[in-house]
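Peer 1: Quick one: this structure, given as structure tokens, is what I'll be asking you about.
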Amino acid sequence: MGEMKSMQMGVIGALFLSVASSVSIVICNKALMTNLGFPFATTLTSWHLMVTYCTLHVAYRLNFFENKPIDTKTVVLFGLLNGISIGLLNLSLGFNSIGFYQMTKLAIIPFTVLLETFFLNKKFSQKIKFSLFLLLVGVGIASITDLQLNFVGSVLSLLAIATTCVGQILTNTIQKKLNVTSTQLLYQSAPFQAAILFVSGPFVDKYLTHLNVFSFQYSPIVVGFITLSCLIAVSVNFSTFLVIGKTSPVTYQVLGHLKTCLVLAFGYTLLHDPFTPRNIAGILIAVLGMLLYSYFCSVASKSKQGSSESAFIVHITPTTIKTYKISKVSMTY
């Protein structure tokens, strides 16, 4: 019981850290890109990952965590896939309207559900599917303003959805199958994610912004905000791997849409961004979807826990002591 409570507290802590750090970095990057005119999102992400790796390397050298070796091919492919997905999402935003880009992000949840259902045999109840549908409708109402389609943008969006879903599913699967922590996986994969974005970032950013990141005038305040953004990114990257490892890729995406609603609300209350009754209605519907999703997941988890406990009780009855011994061995693996 105490172990279960400790696990629940760990999940809550991971969720809180993810929300707090993600909202903070959005605020920081909004100031950096909008107010200070630094538009190089892909290159900035590569710096985020490099600082994350350096921070984790210092933590490793100070014995804050143990480094568990992972198959090199697995780590390289995983790191490159995640790096490519970030680049594709940025390209998708560049080739599509903001409304279509938001649709791309919304499509990640149903696509992830499909992949996990068909390839991992994971079951999603009708109630959970309904709560996810409600969430997507709410976020769509709150954030989507225009939809403009074009062929190249649509292809990039499909590739971004596919790579993001597969990357997040692998984040969860690798941690569980290879019994590694989120810190160990991030530490080993971050250099490869950073490398592909560091090489491709300046070209992607130049294509999207028609500006050169190397000829930008770096004032002290710009450098200060870039440094702050990189430091917050350490927490964002760590909490992303932590949340996906402790929960699931779908739960992480649900959390991502909660962040969207919080950022919209923040923009209205503190930055006085335009806000309409449609935005308010969308956020309320999305929050209702999130609450239902959390409730249905909690009920399903308790139901699964209860059924496993009752099965355990059956095994220890005196008349089935042999069956219990066999089951006990099989449960270890």
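Glycine is no exception: its Cβ is also placed from the backbone N, Cα and C atoms.
These came from TrEMBL, pasted as-is:
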DOMAIN    21-294  domain 'Sugar phosphate transporter'
TRANSMEM  44-62  transmembrane segment
TRANSMEM  74-93  transmembrane segment
TRANSMEM  132-149  transmembrane segment
TRANSMEM  155-173  transmembrane segment
TRANSMEM  185-204  transmembrane segment
TRANSMEM  216-238  transmembrane segment
TRANSMEM  250-268  transmembrane segment
TRANSMEM  280-300  transmembrane segment
Peer 1: Against which stretches of its own chain does the transmembrane segment (155-173) lie, if we need a Cβ under 8 Å and a gap of at least six residues from its ends?
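Peer 2: Answer is 78, 81-82, 84-85, 88-89, 91-92, 95-96, 100-101, 103-104, 107-108, 111-112, 115-116, 120, 185, 240-241, 244-245, 248-249, 252-253.
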Peer 1: Sort out for me which stretch, of 44-62, 185-204, 216-238, has the most Cβ pairs below 8 angstroms to the transmembrane segment (74-93).
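Peer 2: Stretch with maximum Cβ contacts: 185-204.
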